[in-house]
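In TrEMBL this protein carries:
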type	residues	note
TRANSMEM	A:7-28	transmembrane segment
TRANSMEM	A:48-81	transmembrane segment
TRANSMEM	A:93-113	transmembrane segment
TRANSMEM	A:119-143	transmembrane segment
TRANSMEM	A:155-173	transmembrane segment
TRANSMEM	A:185-203	transmembrane segment
TRANSMEM	A:224-244	transmembrane segment
TRANSMEM	A:250-271	transmembrane segment
Amino acid sequence: MTEAPHLILLLMGVAGVLVLATVVGQALQLRLDPRGTNPVLQNLNARITAWWGMVALLSIAFLAGRAGVILLFALLSFAALREFLSLTAKHAADHWSLAASFFVILPVQYWLIWTNWTGMYAVFIPVYAFLLLPVVSALHGTTKHFLVRVAETQWALMICIFCISHVPALLTLDIPGFEGRNVMLIAWMIFVVQLSDVLQYVWGKLIGRHKLAPNLSPSKTWEGLIGGALSASLIGASLWWMTPFSLTEAAGLCLILTAMGFFGGLVMSAIKRDKGVKDWGHQIAGHGGFIDRLDSVIFAAPIFFHLTNYGYAV
Amino acid sequence: MERLKAALQSAAALATGKAITLFARFVTAPRALWQGIEPDLTQRVYFANHSSNADFVLIWTVLPARVRARTRPVAALDYWLTSPLRAFIARKVINAVLIDRRPEGRVEDPVAQMAAALDEGASLILFPEGQRNSGDTPLLPFKSGLFHLASQRPQVDLVPVWISNLNHVMPKGKVVPVPLICTLTFGAPLHLAQGESKEAFLARAEASLLALSGPQP
């Protein structure tokens, strides 16, 4: 495990940040709101508690190695797909294509990643599932809202299985001089993207004035976006020595990652508004659903995968 | 020997109950919205829309364990006593009040059975549509059982519970469930008003249930 020292270092750093956040959160609670009536502080502390759980889960998966990481993201895909398909248009005629999404397409995609079949996992959902799944729905009756139904289902597959599976797919890249350390690509990417989310929230709460997309996400501000993306990129770039990238390359990738993460939040918010819900789910206290927490990673992972694949892998 | 058998049977019933609620959580991640009541030990008749045999399982799953222990689903005897496994689940696991839907040749009056269960202190889960709804209308017309129960035990809270999405999880006749999130919305309790007619009361009960079916925050 040549990656272990860097991974342990990064995880300890994150744990340190969480200790600090917990102390600050509890101190704010005690000083400003001893009776526990302020919803913003309640939510902040619920979020910090949930972060402990998420970081613990991710750490266990990392330390368990390839199987652990692939299993964790397969389960996250399952949870995300369940949230997404709960909101999409469907009909009794779609029963078998929806069941196949969960019990055939999802396991097959992660099995392809497990077996390292790069050419196949890149096209399985965009080509094979895209063309064949609507056939199942078409054969089972009604054509009412057919295009809406199959299009929304395909979106669910792309977002919740294809995109999320590109996180563990980073393990399959063959980067000269970086052998055996690919898990650092995942740890670093998730760290940068999620740090950007957190810092956008912090900057926005501290100095946010100018709303960025009031119809979509009333809490997003220009100050939050710029402050969060830049500070997260700065911190991410300063960790370049853990990655296969040079300092400037790492900085450039950080800017792309934080931009994609931001776009992910925007697009997934637009879908929520369209469907009339505030959160994708309810299972992560303070955060909402799994997609609410993963939206930025969902958009960043495939782009990061392809840039790293074309630029650094053989 | 008899005592050992009884102990084994109740252990099997407990394990089956746990397995059923765990499976329900895995497949549907059910979420309860307590809009009109709190999840406490008040005696109630929960009445819900019925699209799948898993309906009562979901209500049962989201009720806190203490409340669940004294809540009995009202279920059709002509469905639940057709196989030994079903009979075991109905009698031992969920402790159902088994009623006969076929008026001809039944020995016990369903409303009297439900009233007797209430008198013993139990809460009930009831599906007043009387059968699973697999059509396009959100709700089938209510049977009169709810009205008769309300007039015989007027002090008991009648709580509407709207179950969303379950018709897509497990449509009638399908064996493989599609995992989708189900929301259970518990509304404000209803009582039979003084001199209210059967038709007026059933219409009011249907409306109170349908009112919970809108998009949830």
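Every residue, even glycine, has its Cβ placed from backbone N, Cα and C.
Unlike curated entries, TrEMBL annotations are predicted automatically.
Long-range contacts of the transmembrane segment (A:7-28) within the same chain, counting only residues at least 6 positions beyond its ends with a Cβ under 8 Å from a Cβ of the stretch, are 41, 44-45, 48, 51-52, 55, 59, 62-63, 183-184, 187-188, 191, 239, 242.
The transmembrane segment (A:250-271) is not in contact with the transmembrane segment (A:93-113), judged by fewer than 3 CB-CB distances under 8 Å for residue pairs 6 or more apart in sequence.
By the count of Cβ pairs under 8 Å, the stretch nearest in packing to the transmembrane segment (A:185-203) among A:48-81, A:93-113, A:119-143, A:155-173, A:224-244 is A:224-244. Highest Cβ contact count with the transmembrane segment (A:155-173) among the listed stretches A:48-81, A:93-113, A:119-143 falls to A:48-81 (criterion: pairs under 8 Å). Outside the transmembrane segment (A:119-143), and at least 6 residues removed from its termini, the chain residues within Cβ reach (under 8 Å) are 91-97, 100-101, 105, 108-109, 112-113, 149-150, 153-154, 157-158, 161-162, 165, 169. Sequence-remote contacts of a segment are chain residues at least 6 beyond its ends whose Cβ falls under 8 Å from one of its Cβ atoms, and for the transmembrane segment (A:48-81) they are 7, 11, 14-15, 18, 21-22, 25, 101-102, 106-107, 109-110, 113-114, 156-157, 159-161, 164-165, 167-168, 171, 183, 186-187, 190, 280-281, 283-287, 289-291, 293-294, 298. Residues of the same chain lying 6 or more positions beyond the ends of the transmembrane segment (A:93-113) and with a Cβ under 8 Å from any Cβ of it are 70, 73-74, 77-78, 81-82, 85, 120-121, 124-125, 129, 133-134, 136-137, 140-142, 149-150, 153, 156-157, 161-162, 165, 168-169, 171-172.
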